[in-house]
């Protein structure tokens with residue numbers, strides 16, 4: 001039976017990612033590669049502190065849970081084949097075929113194209129392709145974790161998974177210690193988003209522990225205290241670290257950030273298990289389009305932000321609105337077009353088989 005609350009968590013989190021990137025494009029905290037702030041103090045930047053520590057961790061957790069459910073009905077060979085087509089192909093071949101366009105706009109916004117005027121065109125294209133990874137880092141890491149999972153399954157043979165069924169709420173809360181420890185390791189030195197330690201911990205606890213209905217039933221009963229704790233931690237984190245680079249290891253790897261991130265994740269799971277296990281026309285449509293929204297949104301945010309700031313003098317409010325609208329509408333439109341084009345839909349969107 002499909003877990004509707006997980007589908008709803010996924011598309012709601014993707015919507016938060018889009019809104020985050022709209023704010024991020026004009027933020028005054030992490031200014032490299034973006035348009036930059038409208039003023040010295042921007043209180044709307046607080047949204048970044050509210051969501052950044054936990055929303056990608058949540059995606060990895062539910063990805064781990066979903067991997068368990070998928071492996072119940074698929075063989076490991078089928079699982080890897082499907083994951084390779086959907087995750088690895090768009091984030092590798094897709095960079096050379098399509099996503100270099102995002103890299104072009106990233107370099108344009110950051111001033112990199114001017115600085116690289118003398119760089120040979122083939123080399124510049126490779127740089128644009130790499131710069132076009134953008135949000136695809138998530139699916140690159142997800143593919144790696146999926147491959148590792150298959151290897152681990154062959155060794156542990158469900159012994160660890162069966163042990164995970166015994167996890168109670170105190171254990172899940174104390175798992176924040178593991179999350180903090182994981183945040184300290186397996187981080188790439190230059191590109192901060194590749195946090196293999198913490199995101200790997202999230203993926204595997206999702207698979208081995210949170211994929212159990214019994215564990216989620218226990219967690220659901222504590223949705224209110226967990227939600228209250230998450231709000232308190234969010235306020236404390238935002239106040240204490242306001243103005244500091246929230247997306248750098250100097251902040252991300254702190255005990256408070258890790259505690260906030262993990263409590264927010266299990267609070268979101270508990271809340272949605274209690275209240276979000278629903279299906280209607282809106283939720284089904286959003287769930288069906290969330291993959292395309294995640295893939296394409298940042299391209300249209302970057303394009304629209306660049307042209308509007310370059311050629312207009314619109315006030316900040318209108319810029320936010322137009323860029324957000326472009327992020328959503330552009331992503332949905334591009335996805336609907338490209339997923340109907342043979343070969344391209346596989347390379348760019350990871351969609352194989354017959355047209356859906």
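Cβ atoms here come from the backbone N, Cα and C positions, even for glycine.
Remember, predicted model here, so these are calculated numbers, not experimental data.
Annotated domain 'Acyltransferase 3' per TrEMBL: 4-335, in sequence order.
The transmembrane segment annotation in TrEMBL covers 9-26 (among others).
Look at TrEMBL and you will find 46-67 (among others) tagged as transmembrane segment. Packing against the transmembrane segment (46-67) from elsewhere in the chain are residues 3, 6, 9-10, 13, 16-17, 19-20, 23-24, 27, 29-30, 79, 138, 141-142, 145-146, 149, 179, 193, 198-200, 202-208, 210-211, 234, 237-238, 241-242, 246-247, 252, 257, 260-262, 264-265, 268-269: each is 6 or more residues past its ends and has a CB under 8 Å from a CB in it.
The transmembrane segment annotation in TrEMBL covers 87-105 (among others).
The transmembrane segment annotation in TrEMBL covers 125-149 (among others). Long-range contacts of the transmembrane segment (125-149) within its own chain (CB-CB distance under 8 A, at least 6 residues past either end) are made by residues 17, 21, 56, 59-60, 63-64, 67, 79-80, 83-84, 86-88, 90-91, 94-96, 99-104, 106-107, 112, 116, 119, 191, 193-194, 196, 199-200, 203-204, 207, 294-295, 297-299, 350.
If you look up TrEMBL, you'll see 169-186 (among others) marked as transmembrane segment.
Taken from TrEMBL, the feature transmembrane segment covers 192-210 (among others). Among residues of the same chain six or more beyond the transmembrane segment (192-210), those with a C-beta under 8 A of the stretch's C-beta atoms are 56-58, 60-68, 137, 141-142, 144-145, 148-149, 152, 160-161, 163-164, 167, 172, 175, 178-179, 181-186, 216, 219, 247-249, 252, 258, 261, 265, 269.
Residues 29, 46, 49-50, 53, 169, 251, 254, 256-257, 259-260, 263-264, 266-268, 270-271, 273-275 of the same chain, all 6+ positions outside the transmembrane segment (222-243), place their C-beta atoms under 8 angstroms from a C-beta of that stretch. According to TrEMBL, the feature transmembrane segment maps to 222-243 (among others).
Per TrEMBL, transmembrane segment is recorded for 249-271 (among others). Within the same chain, residues 9, 53-54, 57-58, 61-62, 172-173, 175-176, 179-180, 183-184, 187, 192, 195, 198, 202, 210, 216, 219-223, 226-227, 229-230, 233-234, 236-237, 240-241 sit at least 6 positions outside the transmembrane segment (249-271) and bring their C-beta atoms closer than 8 Å to a C-beta of that stretch.
Residues or ranges marked as transmembrane segment in TrEMBL: 291-308 (among others). Residues 11, 14-15, 17-18, 21-22, 25-26, 35, 90, 99, 101-102, 105-106, 108-109, 134-136, 138, 314, 319, 322-324, 326-332, 334-336, 339, 348-349 of the same chain lie 6 or more positions beyond the ends of the transmembrane segment (291-308) yet place their CB under 8 Å from a CB of it.
Within the chain carrying the transmembrane segment (314-335), a Cβ under 8 angstroms from the stretch's Cβ atoms is held by residues 18-19, 21-23, 25-26, 38, 44, 289, 291-293, 295-301, 303-305, 308, 349, all 6 or more beyond its ends. What TrEMBL lists as transmembrane segment is 314-335 (among others).
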